[in-house]
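What Swiss-Prot says about this protein:
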COMPBIAS  1-11  compositional bias 'Gly residues'
COMPBIAS  106-115  compositional bias 'Basic and acidic residues'
COMPBIAS  116-129  compositional bias 'Low complexity'
COMPBIAS  169-181  compositional bias 'Basic and acidic residues'
COMPBIAS  182-201  compositional bias 'Basic residues'
CROSSLNK  Lys22  SUMO2 cross-link
CROSSLNK  Lys104  SUMO2 cross-link
CROSSLNK  Lys112  SUMO2 cross-link
MOD_RES   Ser122  phosphoserine
MOD_RES   Ser126  phosphoserine
REGION    1-21  region 'Disordered'
REGION    106-129  region 'Disordered'
REGION    147-235  region 'Disordered'
Amino acid sequence: MFGSSRGGVRGGQDQFSWEDVKTDKQRENYLGNSLMAPVGRWQKGRDLTWYAKGRANSAGLSREQELAAVRQAEQEALMAALGYKNVKKQPTGLSKEDFVEVCKREGGDPEKGVDRLLGLGSSSGSVGRVALSREDKEAAKLGLSVFTHHRVESSRPGTSLALAKKKLRSEEKVEPGPESHRKSRKEKKKKRHKKEKRKKEKDRGRRLDSSLAPAPIQHDSDSSTCCKKRRHDSD
């Protein structure tokens, strides 16, 4: 009367079979039912435990091989660091001819002394070259990315030259070299010399003016006394 409402066997292992689970209503509640009690058509005639076979032996061998390879690499690196072994250089995949062509493409003009690089989307027929500033050159040497796209106005042909000249002037102003320092010193010396000359000329002019100016009239004391006596006599 007070029996369990659930079906199935709750006894030992000898009373349980997966064949009974296939027809059970609660089949999906059994753990591992998809492998031990398969029902679908795609599961018939297939090895459902293929991923777990031949794994124990291969795992040990691969682990040992991996450790041996790591030890060998560490030993080679140590020997190369101590100088007992030459470091193997990896091939770049470029032949001498290809290297010469790349150098010709990326070479700068000898007149302007500016390095040039190929822009993105350029081909061998129409090569788009962009002038690099000194800061961009230093960044390229360090391996940093360089922005090579610049705005171009096709309607005015002379604008590109004007922009390039402005950039060169701004670079020269920002990064003055030893020649510019010398020029500025010379200009300062010239200005000082001119100021000193002007001061000397002004001093000379003042001295000449003071020497040429008429002396003030000085009345003698005798003449003044005589005039006073005459006035007294007339009175």
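Along the chain as shown, the residues are counted starting at 1.
Glycine is no exception: its Cβ is also placed from the backbone N, Cα and C atoms.
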Three-state secondary structure, which DSSP defines for Lys104 (SUMO2 cross-link): helix
The compositional bias 'Basic residues' (182-201): DSSP-derived helix, strand, coil residue counts: 20 helix, 0 strand, 0 coil
